[in-house]
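As annotated by Swiss-Prot, transmembrane segment applies to 4-24, 106-126, 191-211, 219-239, with the evidence given as sequence analysis. Here Swiss-Prot flags 25-105, 212-218 as topological domain 'Extracellular', drawing on sequence analysis. Feature annotation from Swiss-Prot assigns topological domain 'Cytoplasmic' to 127-190, 240-346; the stated evidence is sequence analysis.
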């Protein structure tokens, strides 16, 4: 279980880094940096603004690209702006650029998910250390009780054995009761992964809608968090299912509908017990040979020639040897058999 959470942590760190790149794109980085969602008409587009590559002028970070009355156009007077502000690669209006804020929402959900799983791993690590120390203490108590047992008398030995068994049972019960319940954390992680997948998918669709002819590598990289988050969701569901099944089978209480536990116990018993399906019926055979005492004869083939040559009026030959009706001898020797020969009538 601990290794599974570490694998999830590594996968989430990769997704978190990929989702961080669009958030820190231009205008937070310089225009010379290779972190942008699209490059079109000497302009680099990010989530919170745009930058002019030639003049090294960037807009102020804001949700949505600068409108027609923005001061950005006063510093960068370009005829390509027209009357509607900045021209996007897909020729859509600049107001649709506000959809890019979904990148930030997806990044926030991934950050929360990363914090939860990192905290869960730390808690499990400390719980493992504490449980290990408790088990070592129990083993030390057992060894000390064994030393005192050898030095006492027989009556005292019995009392000490009972006390040690009672203490061991109490210690094991307390350790079992302090087992950490992962279900609330798993439910919280499932909620975060679900919303992270939805928001990352919506952000990728917004990138395609705005920059579809000139979408950069950073936009296509957003497919990796989508697939990874879907994989993380499946793994979390599998872990939750395995934990709930283990708790159900290891529970000491009986339930009203306990068919699942009974079926599992029956299957395990039949799997480990070789005599589980034994009904007392034995079949002895020598393959395709006929044994008469110590003489072994191969059977004759019932061909048409042999049937014509060995023609009889009866179709069934009387058995040579019958099994004894005595119960004490029934099935005692594999040499006792009934030999029958099938003859076809002419």
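Positions of Cβ are set from backbone N, Cα and C atoms, glycine also.
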Let me spell it out: take the transmembrane segment (4-24), skip the flanking residues so only those 6+ beyond its ends count, and list any with a Cβ under 8 Å from a Cβ in it.
35, 37, 46-47, 100, 103-104, 106-107, 110-111, 113-114, 117-118, 120-121, 124, 196, 200, 203, 218-219, 221-222, 224-225, 228-229, 231-232, 235-236, 239
Six or more residues beyond either end and a Cβ under 8 Å away: which residues meet both conditions relative to the topological domain 'Extracellular' (212-218)?
21-22, 25, 35-40, 89-90
DSSP helix/strand/coil residue counts for the topological domain 'Extracellular' (212-218):
2 helix, 1 strand, 4 coil
Should anything in the same chain at least six residues away from the transmembrane segment (106-126) have a Cβ under 8 Å from its Cβ atoms, list it; otherwise answer none.
1-2, 5-6, 8-9, 12-13, 15-16, 19-20, 23, 180, 182, 185, 188-189, 192-193, 195-196, 199-200, 202-203, 225, 229
